[in-house]
Amino acid sequence: MTAGQQDRTRAQRPSTHRPTSSRGAQTPAPVVPAAPRSLTWTLPLAVLVAIVALALGGVFSAAFASQLLQDPGPVVRWGLPLTTVLTELSLAVTLGSLMLAVFVVRPGRPLDTALSTAGAAAGVWAVCALARVVLTGANTVGLTLSAEGFGEQLGVYLTQIPSGRALLAIALIVAVVAVLALLVTTPTGAAWTLVLALVPLVIQSLMGHASGSTSHELAVSSMFMHLVGAGLWIGMLASIALLRVRRALDGEALAVTVSRFSPVASWCFVLVALSGLVNAAVRLGGVSGLSTDYGVLVLTKTALFLVLGGLGWAHRQWVVGRLGAVTAVGATATTAARAADTTPASPKTTGLFWRLACAELLVMGAVSGVAVALGGTNPPDDNAPPTDPSPAYLITGHELPPEPTVARWFTEWRWDVLLGFACVAGLVVYLRWVLRLRKRGDAWSVWRTLSWVVGMLVMFWVTNGGPVVYGAVLFSAHMLQHMVLAMVVPIFLVSAAPMTLALRALPARKDGTRGPREWLLIIIHSHYGRFFAHPIVAALNFAGSMVIFYYTPAFEYALSTHIGHILMTVHFTMAGYFFANALIGIDPGPSRPPHAQRLLLLLATMAFHAFFGVTLMSGEILMVPEWFGLMGRPWGESAIADQQTGGGIAWGVGEIPTVLLAVFVALSWSRDDDRVAKRRDRKVDRDGDVEMDEYNQMLAKLADRDGR
């Protein structure tokens with residue numbers, strides 16, 4: 001019996017289940033037939049496939065073989081990877097269910113089921129994470145679980161070893177995620193829970209192979225992208241299957257859900273492909289590494305990944321449209337629902353979808369098992385540090401770049417896959433929105449489009465090119481990077497009006513769910529959004545955070561850690577955007593002050609900027625001396641002289657964008673005056689000059705009184 005026939009057979013069976021809304025009250029709902037038996041068995045079978053793939057990969061590469069010294073025993077050697085694969089799968093279901101609750105399923109039983117699924121998956125994740133803490137501790141200290149003194153050694157591992165503290169933090173955070181997922185009842189609560197659930201992925205990215213790589217920044221970023229992409233891709237599909245098994249999705253809801261999942265899966269495919277390629281390049285050390293055990297596992301994982309890509313392509317080509325869904329990125333719920341109403345999917349199409357989904361889940365299980373086996377296998381290129389490292393290498397993790405020249409500012413590159421992908425994705429999404437407007441006959445300014453393109457290109461250069469290469473060894477280069485991020489890039493971004501374009505291009509939903517447009521409006525009109533976008537707050541944040549950053553340990557944290565560098569990049573870019581948008585932007589936000597007050601606000605900020613730059617220029621105390629003072633540069637001026645040059649950049653280079661902002665404010669003021677004058681002229685032509693007539697009458701009365 002096919003899956004579609006099983007659906008038809010079960011559709012005739014009555015159901016006594018009454019769905020409940022997110023508030024707990026019973027609400028009437030149509031009877032949802034039971035899921036196909038093949039789907040019910042596929043979910044546990046996918047877990048079994050993952051375990052088998054893990055065992056085969058581990059045996060092939062001898063990743064979990066007994067150790068000559070400090071062998072923790074077979075329970076630890078095999079229990080740790082088994083716990084890891086269960087952790088990865090439960091992690092994925094947690095992320096996928098929360099993603100469905102935030103963006104996809106409607107309020108009522110679907111939302112409640114998604115949240116309860118997320119809570120259960122997070123509970124399993126927390127238990128597995130806690131087990132990983134114990135097993136990893138045993139593996140690290142080289143003791144069996146029953147060995148004498150293991151408890152004491154485990155305590156030392158959890159309190160004094162960074163990896164032990166990190167794993168314990170992951171377990172505690174995941175436990176909080178599990179509790180929150182069971183307590184929250186709204187998409188907003190699910191969104192905050194999803195954000196918290198991403199924190200363990202950040203911590204995990206800083207561990208493992210990534211933490212020991214000389215290409216640390218590249219490895220950490222690619223690992224985080226890989227975890228997020230794979231987690232959402234696997235988790236959302238598995239969660240859709242679980243919602244179907246729990247009878248929370250009927251035929252129409254399935255069509256809408258698939259239409260919204262399809263573009264997310266496409267982006268996840270790109271994320272996983274790009275991050276996997278980067279990670280493999282970092283660890284293999286060349287084509288010759290493919291012949292090693294590690295390389296064979298990489299090739300196996302790649303082959304399975306390509307199979308997943310083929311199954312996803314088959315979904316979009318043969319199934320998604322026939323389900324009544326819309327395959328384009330950003331498809332509306334109303335469009336999909338309308339299509340599902342007018343052209344209901346046949347049982348044959350529904351059965352084909354679930355057969356492909358079952359195949360995908362099984363392959364995803366195999367990929368997960370191979371990935372964990374790969375993580376336990378020693379790579380051919382261990383990226384060991386040089387035997388005689390330079391001072392610059394000891395401090396930054398990179399060799400000292402050559403002396404900067406004009407050409408080298410544009411030829412020296414250090415790739416940041418996360419920030420680079422963000423720039424490229426921002427460019428692609430913006431251009432797709434512009435094309436969507438043009439297809440429906442709406443106009444969008446070419447100037448705004450060019451502004452966005454230039455802004456993304458400049459941001460790509462400043463986060464991957466010369467500024468980031470030399471910013472790690474020169475204070476002046478770091479200040480240049482800072483000024484471009486905070487003052488140059490935001491002018492182009494604000495001129496492009498991305499929020500306005502998004503609100504025009506993104507479709508509105510009518511089924512009670514929150515899509516990208518709804519979430520954007522919520523963020524814009526939230527207390528947090530309105531507070532940070534307020535002109536005075538934006539100005540204080542823009543100017544004040546600069547002083548706080550450079551005169552506190554935050555500066556050293558941004559220099560010495562990759563996550564600190566990313567947070568710095570995001571903060572100052574957003575601070576500059578809020579400030580520029582309050583002055584010259586058209587994107588929605590709090591009411592903008594009159595133009596005269598905008599100029600005063602800008603002049604005050606300019607004066608503060610000048611004071612900050614002059615302070616650095618005249619300063620004789622080196623900032624972060626253990627960093628810039630010990631770099632061992634054979635070229636360039638001294639560290640303190642370079643810092644004073646950075647002050648000149650903060651004053652001189654930083655003032656140029658400020659002057660441009662002042663010019664734009666003045667031009668906007670002039671245009672507003674012209675619009676007011678033209679509006680008044682039209683009113684006079686239509687109704688007469690009432691104000692002038694009243695003024696003349698008043699003068700006439702005064703003249704009559706004086707004549708008496």
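Note: Cβ is positioned from N, Cα and C throughout, glycine not excepted.
TrEMBL has this to say about the protein:
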| type | residues | note |
| --- | --- | --- |
| COMPBIAS | 1-25 | compositional bias 'Polar residues' |
| DOMAIN | 257-374 | domain 'Copper resistance protein D' |
| REGION | 1-31 | region 'Disordered' |
| TRANSMEM | 45-65 | transmembrane segment |
| TRANSMEM | 85-105 | transmembrane segment |
| TRANSMEM | 191-211 | transmembrane segment |
| TRANSMEM | 223-243 | transmembrane segment |
| TRANSMEM | 294-314 | transmembrane segment |
| TRANSMEM | 352-374 | transmembrane segment |
| TRANSMEM | 413-433 | transmembrane segment |
| TRANSMEM | 445-463 | transmembrane segment |
| TRANSMEM | 483-506 | transmembrane segment |
| TRANSMEM | 527-551 | transmembrane segment |
| TRANSMEM | 563-587 | transmembrane segment |
| TRANSMEM | 599-628 | transmembrane segment |
Cβ pairs under 8 Å between the transmembrane segment (45-65) and the transmembrane segment (294-314), at least three: yes
Seg_contact(the transmembrane segment (483-506), the transmembrane segment (563-587)) with at least 3 CB pairs under 8 angstroms, min sep 6: yes
The recorded stretch from 223-243, 352-374, 527-551, 563-587, 599-628 sharing the largest number of CB pairs under 8 A with the transmembrane segment (85-105) is 223-243
Residues sitting near the transmembrane segment (352-374): Cβ under 8 Å, six or more positions beyond its termini, same chain? 3-4, 36, 38-39, 42-43, 45-58, 60-61, 63, 81, 84-85, 88-89, 92, 230, 233-234, 237-238, 240-241, 244, 254, 258, 294, 297-298, 300-301, 304-305, 307-308, 311-312, 314-315, 318-319, 323
When pLDDT is averaged across the domain 'Copper resistance protein D' (257-374), the result is 80
Which residue counts does DSSP yield for the domain 'Copper resistance protein D' (257-374) in the helix, strand and coil classes, in that order? 98 helix, 0 strand, 20 coil
Tertiary contacts of the transmembrane segment (223-243) (same chain, 6+ residues out, Cβ under 8 Å): 35, 39, 42-43, 46, 88-89, 91-97, 99-100, 105, 110, 113-114, 117-118, 198, 201-202, 204-205, 208-210, 249, 254, 257-258, 261, 264-265, 267-272, 274-276, 279, 357, 360-361, 364, 367-368, 371, 417-418, 421
